[in-house]
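What TrEMBL records for this protein:
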type	residues	note
BINDING	286, 287, 288, 289, 290, 291, 292, 293	ATP binding site
DOMAIN	265-542	domain 'UvrD-like helicase ATP-binding'
REGION	206-228	region 'Disordered'
Ligand SMILES: Nc1ncnc2c1ncn2[C@@H]1O[C@H](COP(=O)(O)OP(=O)(O)OP(=O)(O)O)[C@@H](O)[C@H]1O
């Protein structure tokens, strides 16, 4: 049967072409798809390593590269490049089948031969030499490397690699799957880990391949692909190759080339999102940009597809922390699920808005919300003064949120006995009684004015839903950015769906917790034991930006919301790029001038203003930067203040940057008095533990801001740099 495959690289290159060229590429391949008999239009290249790698003319300047077996009508679109580059690429590469996964891979034969010959020329530096154990893969046996799919002819080269930098240098020439295996081993994973996470996961996808094509290849590595197994191997290459079912799908894929996430799920992502069912709550974790949101979106799609035919609309909830993030989820869901009827099965709304709706419907009247934290603290202050008790506004507010609301304590007796773990200063029974009096006075004042804080609304919504018992509004709940949710929000989410298979699907990363809400899922009756998986490949950020940003958290200890510790072990990027740029200035105006210059340079290299994000710690600095940009003739908009559709550099607070991404990111004002923001820190003398957690929150905020960058990151400050920045910056 005819098969057309599109390699991920093809789509990425296609995405960067000018619109008229894209149109032409589409025309060429559409025509090619219709009339592909006898290799129509395809040109063979002299001296090519693989005669089945051929090129096709797009226009005077561009060529496509296609892998086309001589017999049969299966084709794989590999590259679309300027003419000379396409020819050079096509003659050097060879398509082979990976001996472990049986999927197609591409190797730069010429570069690999050259690199291997270089080693042969070095006497006494062969594998097995005395210093072998000091080499990058010195501790891994040949048989393990072979079992993991490393080609036998590459072993001498692999054995010779001394550091990760050497491995990186081979990133573009090694077959991708084999690079992934080696990168996993180099990152400290055991061969068993790599087998499970890189190889087995790909093998499992074989069950999705057409039945007649499942027989695995037995002979070893680096043998060329025979045409009879060609479409089978394409089907086994999910995550890198998308099979196109017909002209409509080709048009759909090519019309949205930037949204590769819709089609090219990594096997580890696909396994999580499309597992037919989980016996209970399931969770996906992973560092920034590993595709947690993508997995959550695909999971929502899968659950919608599995619903019985008579399931009402909005049977599934897809939710997240803020209104803006919910809006992003909604527009991505429209891309992923074009059919309105299927999409209607999923309701997308942020947690607070949903809580508000639950309480409003129960009361039959809208709620007056007390949202400003400053006003809340003022009221605590007044309450403490009136009752003549010696607690600060910050302490009372935190005690109320982190202990009383968190545990849903409703009487002085329960509060007296409650655990205050996570809070620093011990409280005697007398002090607890004083706190309770303050809480009663504070909440009474709110009640009298019929005002609510967001968390109170969530706590009330949870109570309403729990009291309703069996009548649950949703069949499935999918949660993104879970690390920032408060226990009251979790209680509401828990009560929205009956406990059972596929009740909750949770995506989050505790390294990005920026609102100080710590929870134990188990304590909330949500057990993800045996159903929690960490993603490790970053699809957003370059390795250079990732390494730099991850180093910010080097000394931090981060919980996993489930009684253990989370880590970024094995976290790595799929892309390479320039190192982050760091710059200090003497004064704020000087820093802003430098920033404006760099932004105009980015724009000069073809980056659109809306592809640039500027993250700051406080709103006024953002406004100052936006004004300086406008004065320099660069359009800008302050996030949250202007319509999102307006063209311009996006300027926003670090909090507002959460969940977003940009080609170029500037994090500005990273000075010692601003990052960490002193007013966001509980004074150490009030509560040392809370002080440490607030510091961690500020550090995570900087981490979140830096990891929004896809291609370029610039971090700047004026005066003394933030203590969070690595020491070499300050030197
Ligand atoms: N398999 C994939 N193929 C191509 N692109 C992908 C893939 N998975 C994720 N991406 C892209 O990587 C970027 C990050 O994905 P996503 O936002 O889902 O990550 P995340 O883990 O939720 O990030 P964060 O925690 O930082 O918000 C997005 O641009 C997404 O489209």
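Every residue gets a Cβ built from N, Cα and C, even glycine.
Predicted automatically and left uncurated, TrEMBL annotations should be read as such.
Shown on the structure are the features that TrEMBL records.
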residue: 286; record: ATP binding site; Cβ contacts under 8 Å, 6 or more apart: 292, 509, 534, 535, 536, 571
residue: 287; record: ATP binding site; Cβ contacts under 8 Å, 6 or more apart: 509, 511, 535, 536, 538, 546, 550, 568, 571, 707
residue: 288; record: ATP binding site; Cβ contacts under 8 Å, 6 or more apart: 509, 511, 512, 538, 540, 541, 549, 703, 704, 707, 708
residue: 289; record: ATP binding site; Cβ contacts under 8 Å, 6 or more apart: 538, 539, 540, 541, 546, 573, 661, 707
residue: 290; record: ATP binding site; Cβ contacts under 8 Å, 6 or more apart: 509, 535, 536, 537, 538, 539, 571
residue: 291; record: ATP binding site; Cβ contacts under 8 Å, 6 or more apart: 261, 265, 266, 269, 535, 537, 539
residue: 293; record: ATP binding site; Cβ contacts under 8 Å, 6 or more apart: 329, 332, 480, 507, 659
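The number of other Cβ atoms within 10 Å of the Cβ belonging to residue 292 (ATP binding site), over all protein chains shown, comes to 26.
For the recorded ATP site, residues 286, 287, 288, 289, 290, 291, 292, 293 set the reference point as the centre of their Cβ atoms, and the other residues of that chain within 8 Å of it by Cβ are 509, 535, 538, 539, 540. Residue 286 (ATP binding site) falls within a strand segment according to DSSP. Over the domain 'UvrD-like helicase ATP-binding' (265-542) the predicted model carries a mean pLDDT of 93. Look at residue 291 (ATP binding site): DSSP puts it in coil.
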